[in-house]
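Feature list (source: Swiss-Prot):
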type: ACT_SITE; residues: S846; note: active site
type: ACT_SITE; residues: K889; note: active site
type: BINDING; residues: G456, P457, T458, G459, V460, G461, K462, T463; note: ATP binding site
type: COMPBIAS; residues: 682-692; note: compositional bias 'Basic and acidic residues'
type: COMPBIAS; residues: 695-705; note: compositional bias 'Polar residues'
type: DOMAIN; residues: 79-301; note: domain 'Lon N-terminal'
type: DOMAIN; residues: 756-940; note: domain 'Lon proteolytic'
type: MOD_RES; residues: S54; note: phosphoserine
type: REGION; residues: 673-725; note: region 'Disordered'
Amino acid sequence: MLKFLTPTAYASHHVTPATRFRSTPVKNLLFKQLTLLTGWNRSSYELGRRSFSSDLDSDTKSSTTTVSAKPHLDDCLTVIALPLPHKPLIPGFYMPIYVKDPKVLAALQESRRQQAPYAGAFLLKDDASSDSSSSSETENILEKLKGKELINRIHEVGTLAQISSIQGEQVILIGHRQLRITEMVSESEDPLTVKVDHLKDKPYDKDDDVIKATYFQVMSTLRDVLKTTSLWRDHVRTYTQACSLHIWHCLRHIGEFNYPKLADFGAGISGANKHQNQGVLEELDVHKRLELTLELVKKEVEINKIQESIAKAVEEKFSGDRRRIILKEQINAIKKELGGETDSKSALSEKFRGRIDPIKDKIPGHVLKVIEEELKKLQLLETSSSEFDVTCNYLDWLTVLPWGNFSDENFNVLRAEKILDEDHYGLSDVKERILEFIAVGGLRGTSQGKIICLSGPTGVGKTSIGRSIARALDRKFFRFSVGGLSDVAEIKGHRRTYIGAMPGKMVQCLKNVGTENPLVLIDEIDKLGVRGHHGDPASAMLELLDPEQNANFLDHYLDVPIDLSKVLFVCTANVTDTIPGPLLDRMEVITLSGYITDEKMHIARDYLEKTARRDCGIKPEQVDVSDAAFLSLIEHYCREAGVRNLQKQIEKIFRKIALKLVRKAASTEVPRISDDVTTDTEETKSLAKTDLESPETSAEGSTVLTDELATGDPTESTTEQSGEVAETVEKYMIDESNLSDYVGKPVFQEEKIYEQTPVGVVMGLAWTSMGGSTLYIETTFVEEGEGKGGLHITGRLGDVMKESAEIAHTVARRIMLEKEPENKLFANSKLHLHVPAGATPKDGPSAGCTMITSLLSLALKKPVRKDLAMTGEVTLTGRILAIGGVKEKTIAARRSQVKVIIFPEANRRDFDELARNVKEGLEVHFVDEYEQIFELAFGYDH
């Protein structure tokens, strides 16, 4: 079968059969236009005469060896059909094809020998089931198509092609005119022979204005394309050297404009697809064919413009880059000649060596080796390469780290204690533990080997304590938060192969602080992100916080071991439950339980008030906040364990006072002179001066202000003498009575609901994230009846607390059977147990003994003793087990004026460790059996 070259290959050359001509003047308009476009002239006549001959010239007596002139084109009514898969053959152009079928090739050679060297070239139709873009698919289709199958797959309209030459399997075809298949002649499959009709253009008026206008538009568009595309200019030169001779011949014989040739030429040299070219080939209306060609050529103009703009932009970019590179090299060469600055590579190398030379003996050997290798590599790289920037950044990080540079630690315990007391009030147990740590460091000469974790509610000063430890030890301080951190690269850095890669937080820390032994505060470690596609940050923290591993900590970016064993790590967390076990095991946890009321009072008076007053620009003599106001603020507005909310409320008070002071100052200013007064006379100035004088003037003429600020708040006026001038200072008094004017209505009410708890009601103690609180347990009857005993529980209780209520019900029934067997309350009564504050979720086992006491109080119809509170987990046998939050619960009891507290015996040690001011005034009983609680709660005199 046939194997065809690609359209690019066969479109790069084209010829048409040419005719001889005499020395006739050039009058054809088409020839004139093409001559202007290509620069062709009559001197090309000899070249055209030697290259081509015409089969239409009746005066021609001989022909060249390429084209036989004996047969006439109109006599070719039966031809061999050759399928063209990629593009139709346009008249006036030639196409090389490969014929592999021996039968077809022999038939073509036989046609040439019989001096009838013509065949029909027909475009192959697309097959929807095959990939038209695949050459191998096309070859397979051509091999399978035979006879009727082939004629059904080719277009009816094709081109009469002259067989110009046959060399091996290559056949050169030259297009002449359009053909239409009428019927198939050969019955055999190969070669396919068909009968054809020669198609002629429809008659047209050569003087028609519309056709002329279209013709000129095509010529104008061709001129635009030829200005931008050299390939098209080559096409036109070749075409005019052949086609123009034919046009002169036509002028001599018929004397008409050859518009069809222009349409064929434009379609043939355009980059149109095969369907568009086939449409031009099949169109016999000359005007419509010119319009189709005009559309194709205009598309080519647009494509060429886009290509030209892209090429121009690329050229400008590269020329600009080349210019900058050349100028940069020239500048470097000039600097070298002048003996000034060296090139960038030398300057960078000198900078890096200047960093490491003074500390070369302190840099570890493996790190120094890497630095030397990278410096050698830097000299071999081009400054314009991306690897150069990567190497520079890497060397910059390696050489800027504080190799061998340590802060001189201060292990003076007295100085550290003073600093801790200056920064924080209370927290004596925490301070004691920190001082122990510093003392051990002083004896050992270093404070390495410990990872401290400060655990406690928000606002208790965990972060500020870490900063105080750094100040006490004279270490540099660095803080970073890991809350929500899910990317391991934030801790261990990115690989250098990534764009924008950076080291991890620890390497950045060492660079920022400039020492190898800073104090690093890792905040919110209990909120560390979970494992994801970026790795497991908790596992990465293990290497960082393990004293046995962080001596050789490997950052992904630096890729060299770094010694972090001298770094003191302090972590903070609100709770330790969410910290992974292996990570928590490497820490020494110090619990900050929060501040009691007395501690908050001191903090508010000695720290927060002074800071807020200074930040608001208020003098001490302008505001006086009473202790009662601070106490009310703590108990009714800020019950959390920390002091952060207390600080906000104090700042709110001072901001409102600052606003009042500014408004007062603005209202007492002397009004300015009206804008409509343009000039001041001496009389006016004298009157103004007189008006400004005070009614009361000292002997020396100094003014004494006596006006007082008229506000609704209690104020007092004090006079201060400064030299000879007396000023009136207004002082705002803030006490419990007017506190709500500054901070709004109280948020919390009194926890103590009853002066004397009624029957069935007992006060318990609970722990919350805001500290401790009191908790009432209430029990009452629902209905009585034989065998209707039961218990209904409400109060938004958790599963553990519901189980505690069931246990309490069982234990209470057992105790009543022992104490009063005749009492059938639990057997015949349905009871309802409720825990107030139903919107607040509650859970935990520590209210077990309180629930038993509430049930027994109802059964005995006897209230418990006044000012009693209790807490403790109870078992079915009546044993009292340990609970948590002893300090917080004790503080809550004091806040509710409780005098007697019952704790489990197992918590005696926890209570003994409390500060004296926390335990003062409390009667505390420690029990391990409920029988002891029964005696304390009900064994009293009415």
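A Cβ is built for glycine as well, from the same backbone N, Cα and C atoms used for every other residue.
Features recorded in Swiss-Prot, as mapped to the structure shown.
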residue	record	CB count, 10 Å
G456	ATP binding site	22
P457	ATP binding site	21
T458	ATP binding site	14
G459	ATP binding site	19
V460	ATP binding site	28
G461	ATP binding site	25
K462	ATP binding site	25
T463	ATP binding site	16
S846	active site	26
K889	active site	29
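For P457 (ATP binding site) paired with S846 (active site), the C-alpha to C-alpha distance reads 20 Å. Taking only the Cα positions, the spacing between G456 (ATP binding site) and K889 (active site) is 15 angstrom.
Residues G456, P457, T458, G459, V460, G461, K462, T463 make up the record's ATP site, and a Cβ search at 8 Å around their centroid adds L454, T572, N574, L592, G594, A641, G642, R644 from the same chain. Of the recorded residues, S846 (active site) and T458 (ATP binding site) place their C-alpha atoms 24 Å from one another. DSSP assigns K889 (active site) to a helix in the three-state reduction.
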